[in-house]
Amino acid sequence: MMIIAIAVTLLLAASASIATVSHALFNRQYRGQRKACLVMLMLAYLTIIGELAVYHFASESGGLITPGSYYYIVTFSAPLGAAIPVFLFLYLKSILSQHAARRDLLHLVLPLLYLLLMLPYSGLSLADKQAFFHSINQGQDVAWPLSMTPTRSTRLAVWAIFGLFYLQLGWRELQLQADSEALFNVAVRKLLLLFGSAVAVLVVFIIVRLPHSMTGLLSLLTGMLAIATSGLYLYHQRVDKTLGAIARGVASAAILPVVDVAAASDDSVNKDTASKGATGHSGTNKGASNTAAPVAVKSYRSSVTEKAADALVRRLTRLMEDGNYKDSKLSLGKLAQQLDTSTHHLSHAINQHYQGGYFQLVHCYRIEEAKRLLAESTLTIAEITYEVGYNSKSVFYGEFKRQTRQTPSQYKKSFRQLPLTG
């Protein structure tokens with residue numbers, strides 16, 4: 001039963017990895033570090049999956065998989081497997097902060113060093129590789145540069161050390177996110193927990209020296225990790241499309257009407273909104289009251305009546321226009337208290353009138369205000385980051401680029417280059 005579970009898991013993981021690599025290579029939204037790290041991560045998974053498949057099923061393949069295949073695939077799976085924690089961290093960082101830095105390339109030094117240490121093994125012929133492992137399995141001493149042989153115990157130790165180091169880095173990167181409870185970041189947290197489970201098993205393998213028969217547990221965890229990473233990639237595509245639609249639905253600097261019902265009872269509000277929109281200009285709106293809000297394009301059934309939801313959204317809009325979004329400690333619960341309603345009702349009201357939820361709404365207001373400040377004020381980007389309500393520059397950069405397709409520096413520079421008219 002265990003061997004069937006391993007076979008199914010590895011087959012699904014290999015299929016998911018191949019599909020993810022194929023899709024990512026032609027994904028125009030994935031560029032630079034993000035694309036490179038994801039592709040290398042999935043290829044690393046594939047080499048480990050291939051090694052595990054040979055290990056488990058070579059003897060049962062009827063000659064389809066030769067025993068010598070294992071010695072060849074280790075040449076690639078050993079260094080790439082050691083790089084999985086590095087590529088996973090860099091990929092998660094790229095989708096969480098969207099602010100790649102050249103210094104991130106320094107993380108590749110460790111796996112490159114391990115690759116160099118593997119070169120003596122890689123240069124051996126098949127017969128010499130078989131003789132090498134035979135000597136190791138017989139307990140014989142084998143002369144090797146720096147004693148870094150590609151044996152099971154050495155590889156597990158390297159993976160465990162790298163895994164522990166990059167697990168804490170990944171967790172710290174996640175904690176820097178202002179909206180750590182957002183659904184996408186919850187998904188990232190679950191992937192990190194699964195990765196942490198794999199690292200914990202590696203540590204147990206090293207300390208207790210579990211037998212080779214327990215390798216099946218590592219196979220299952222590796223397969224699930226590859227599948228979960230592919231799932232996160234697909235989920236990120238959906239989130240990116242949603243946030244892109246929200247950004248496009250935000251007027252450049254004019255407040256669009258957020259409700260089109262009960263117009264008679266709120267005619268003055270709509271007229272005031274329209275007058276502000278008529279005088280606005282992208283990135284140059286005056287004051288927080290001209291901050292754009294997402295267009296009402298989505299409708300959900302909920303326990304909140306339509307009339308009550310409309311009234312709640314109007315109050316919410318006024319509150320946000322007053323600059324409430326600049327509170328760095330703002331949360332859905334705190335906002336609900338200020339509006340004298342429950343978080344459940346407020347969440348449903350937001351979902352009913354906007355394309356996206358609470359976090360997307362706050363991000364839109366903050367980025368619109370940031371655009372205004374970049375265009376009109378002399379504040380530095382760091383000062384603007386905190387002024388509009390962000391505690392993390394990486395989160396600010398990520399959301400700004402997601403909505404404008406420009407970094408804050410590029411956006412500010414574009415206004416300096418505009419020709420003077422009139």
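One is the number of the first residue shown, and numbering goes on along the chain from there.
Positions of Cβ are set from backbone N, Cα and C atoms, glycine also.
The transmembrane segment annotation in TrEMBL covers 6-26, 38-58, 70-92, 104-124, 154-171, 191-210, 216-235. For 269-290, the entry in TrEMBL reads region 'Disordered'. Feature annotation from TrEMBL assigns compositional bias 'Polar residues' to 281-290. The feature domain 'HTH araC/xylS-type' is assigned by TrEMBL to 314-414.
Within the domain 'HTH araC/xylS-type' (314-414), the DSSP-based counts of helix, strand and coil residues read 74 helix, 0 strand, 27 coil. The list of residues near the transmembrane segment (216-235) in space but at least 6 beyond its ends in sequence, with Cβ under 8 angstroms from a Cβ of it, reads 2-3, 5-6, 9-10, 12-14, 16-17, 19-20, 23-24, 38, 41-42, 45, 48-49, 52, 56, 88, 184, 187-188, 190-191, 194-195, 197-198, 201-202, 205. Count of Cβ pairs under 8 Å against the transmembrane segment (38-58): among 6-26, 70-92, 104-124, 154-171, 191-210, the largest is for 70-92. Of the two recorded stretches, the transmembrane segment (154-171) does not lie close to the transmembrane segment (6-26), with fewer than three CB pairs under 8 Å once pairs fewer than 6 apart in sequence are set aside. The average pLDDT the prediction assigns to the domain 'HTH araC/xylS-type' (314-414) is 85.
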